[in-house]
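Here's what TrEMBL has on this protein:
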DOMAIN    A:28-532  domain 'Cytochrome oxidase subunit I profile'
TRANSMEM  A:40-61  transmembrane segment
TRANSMEM  A:81-102  transmembrane segment
TRANSMEM  A:123-143  transmembrane segment
TRANSMEM  A:163-191  transmembrane segment
TRANSMEM  A:203-231  transmembrane segment
TRANSMEM  A:263-281  transmembrane segment
TRANSMEM  A:293-312  transmembrane segment
TRANSMEM  A:324-343  transmembrane segment
TRANSMEM  A:355-380  transmembrane segment
TRANSMEM  A:392-416  transmembrane segment
TRANSMEM  A:428-451  transmembrane segment
TRANSMEM  A:471-492  transmembrane segment
Amino acid sequence: MTDMSDAVIDHGHAVHDHHGPAKGLMRWVLTTNHKDIGTLYLWFSFCAFLLGGSMAMVIRAELFQPGLQIVQPEFFNQMTTMHGLIMVFGAVMPAFVGLANWMIPLMIGAPDMALPRMNNFSFWLLPAAFGLLVSTLFMEGGGPNFGWTFYAPLSTTYAPESVTFFIFAIHLMGISSIMGAINVIATVLNLRAPGMTLMKMPLFVWTWLITAFLLIAVMPVLAGVVTMMLMDIHFGTSFFSAAGGGDPVLFQHVFWFFGHPEVYIMILPAFGAISAIIPAFSRKPLFGYTSMVYATGAIAFLSFLVWSHHMFTVGIPLTGELFFMYATMLIAVPTGVKVFNWVSTMWQGSLTFEAPMLFAVAFVILFTIGGFSGLMLAIAPADFQYHDTYFVVAHFHYVLVPGAIFGIFASAYYWLPKWTGHMYDETLARLHFWLSFVGMNLAFFPMHFLGLAGMPRRIPDYNLMFANFNLVSSIGAFLFGATQLLFLFIVIKCIRGGRPAPAKPWDGAEGLEWSVPSPAPYHTFQVPPEVK
Amino acid sequence: MRHPRLWMGLLVGVLHSSAQGAWDVNMHRGATEVSRSVFDLHMTIFWICVIIGVLVFSVMIWSMIIHRRSTGQQPAHFHENTRVEVLWTVIPLLILIGMAVPATRTLIDIYDTSESDVDIQVTGYQWKWHYKYLGEDVEFFSNLTTSREQMNNLAPKGEHYLLEVDNPLVVPVGAKVRFLITAADVIHSWWVPALAVKKDAIPGFINESWTRIEEPGIYRGQCTELCGKDHGFMPVVVEAKSREDYAAWLAERKAEAAQLKELTSKEWTREELVERGQQVYQTYCSACHQANGEGLPPMFPALKGSPLTTGPLDGHLNIVFNGKPGTAMAAFGRQLSEVDIAAVVTYERNALGNSVGDMLTPQDVLAFKQAQE
């Protein structure tokens, strides 16, 4: 983008600066506008959320009662695998990239992302990757059926033939994520408005900056591990086969070196958004801004040192087991700091509970419950009882659903007026919140009990002693799933019309994004704002 | 809802009709010293979480009730307090250190596999467990016995639905039993909740674990690492017997092994082999190749009318004995006796819609085995 003095000299650029979006489909295919690309990411993410969600509905329908009734075990395994892959790589990660695209330039006073053409490419890789991944379901032998963690040798020697397509799909997603991360880092480090020092950045920008470094560090590791699989399957190597001198556990070490930072990639941007929303609806500045930044950095650093807590039962030596147990327990400290800060922000504020705040408050409470079960899982001897049971399923759904996904819902309601220029329907949004809240707790809380009673995860059928809570859980899951169609309705209704939104619809909100009109014009901050 | 009492009655009836323990919300104390100390750790960390949770959430809820704008609340302006921030960093750290001490103690105990009285090799297969009593010449497979009819809702499900096997692992009470855990194909995980033993079974590597059961009884668990199609159908059943009963059981098992050796040298007719082969096929082959031999192509090929089961005998035996590398077809030469291999090959050639008419004797299998070594 050029600034105004250039525009006067260069007539061509001046025309370019003032045009609006192109017309028709090609607007979306060729766009390099951060707002368009943000919108594409968000819609893609929502489609993936519905697809992954409908697979969850198949899983919960099969587990509704004991016995095999709806699907056979082979297909059940494909559903659990694809549900995990689509939710992690298709729903949660692209949603945060979409939010980053829309909001980071608006929050730091930049005219666009630093690398707009790469931005377009990194989005359009995603439909290709997911087209490839979902097409495996229709191939002979079926799609990936080895769990979203795809442990070798089940995913190599014993995998269906479609595994090669799965590997290429992962490669494409990885390339897309790395490019997205480079773009965020380049934007945040280079395009901040004058006066916007690092320690004045909104926390959403901070958490995304740290997330982007995590992505750049670990996505190549994921690419490495799937490439090793590809070599084992097609080129006669034995990285993961003991018969050829390799080690199946090596796979798990490499995978979880990616996998643990990955779970923070899915939650840190939500921390950032919640740190904007709670002060806005408490009408009070965020408590402990500096400690929030350092806590996020500490969590990111520790995420590289704890991967083996996913592998307490593989038989690592006692000293290794102890190290990973202590390091994992340590993560509770910076996470605790964040929760205490949010609570202190609310303390003596002037609180109102519009939909973003409802989701944010539920985020703090329910994510903390997921954090507690995480602390329990960190205790290695106790983990021997929890590992690979429904207790773990309950744990990571508590951090991902009311964590990552409620964080996304809160962000969506918070910024929808800025995106569309209309206020969303508050009554329906509150209904969406309460139905999601009840459905989600009904679906996932009983899973703690199932795991403690001894039900392993990833099984299509179970003993009668697990029947009651599975029934409750399925009912909750159906409620939660159906409720998300209401969210779709609310968003479409908000796009099509509604009360016009002022530039700053929330009286307690802070930040540059509220200084531009609603809806945000196609081009914003062509002249950088001055930050005091 | 004209008859609320009727509805309540129905609801209560449904709840009571389910199996005992169906509303269990917590882990059980288990049957060993280790399982009890694991349970204590679990409860300690649980109550720590509950106390912290109650404190934090009470403050939040208090704030949500008292500090609402609708009560006329004016917002305060404070946004930091170093003393408070240091306190809520240091206090959790101290709690965690307090928690780490007993956890370390229990972990060291769990890792001490020395001075065992009985050593048992546990091997995970797709989808069954194999137990070998080291130094005793006793080994056997442990297969799920729940019927397909029960799984497909064609017959009522029993109390131990999916948690019952033909040959449970038998161990003596009071003895330190060491498990050497490995796998033959993919990674499995051997778990018995009441013993607090869960260890991954990894092909090519041996993991160690141990238990000392105090009371005779039957303890049930399941495979806890996704291992393919029938991951949910390979339970673990451990039967703890008194030392005398265990000795008697072991002697009986040894006698059976000797008897099996005699069977190998017996003269078999084709009909006898087909009859025995049907049993073997149902237990070991039908999960993939299906009871009717039609398989689930392309992952699990059909045996009915296949060039393999209707072609030369040697090729057929070779695949059954050595498996097919790179596929789910296991090498049954190490899993089944000579008699059972002869029986199942003969069965596959003369049943499932095939009628080749020839037969394979246990002596043929023995000769094949010796030629391989």
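Quick reminder: no glycine exception, Cβ is built from N, Cα and C everywhere.
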Stretch with greatest number of CB pairs under 8 Å, the transmembrane segment (A:263-281) reference, A:293-312, A:355-380, A:392-416 candidates: A:392-416
Mind pulling out the one from A:163-191, A:293-312, A:324-343, A:355-380, A:428-451 with the most Cβ pairs under 8 angstroms to the transmembrane segment (A:392-416)? A:355-380
Which sequence positions outside the transmembrane segment (A:81-102), separated from its termini by at least 6 residues, show Cβ-Cβ distances below 8 Å to it? 34-35, 37-42, 44-46, 48-49, 51-53, 55-56, 59, 113, 119, 122, 126, 129-130, 133-134, 137, 143-150, 170, 173, 177, 180, 184, 204, 208, 211, 262, 265-266, 269-270, 273, 400, 404-405, 408, 411, 415, 419
Given A:163-191, A:293-312, A:355-380, A:428-451, the one sharing the most C-beta pairs under 8 Å with the transmembrane segment (A:324-343) is A:293-312
If I take every residue in the domain 'Cytochrome oxidase subunit I profile' (A:28-532) and average their pLDDT values, what number comes out? 97
Listed stretch, out of A:123-143, A:203-231, A:293-312, A:355-380, that has the most CB pairs under 8 angstroms to the transmembrane segment (A:163-191): A:203-231
Closest-packing stretch to the transmembrane segment (A:355-380), where packing means Cβ pairs under 8 Å, from A:40-61, A:123-143, A:293-312, A:428-451: A:428-451
By Cβ distance under 8 Å, which residues at least 6 away from the ends of the transmembrane segment (A:293-312) in the same chain are close to it? 199, 203, 206-207, 210-211, 213-214, 217, 249, 252-253, 256-257, 259-261, 263-264, 268, 271, 320-321, 324-325, 327-328, 330-331, 333-335, 337-338, 341, 377-378, 380, 383-384, 387
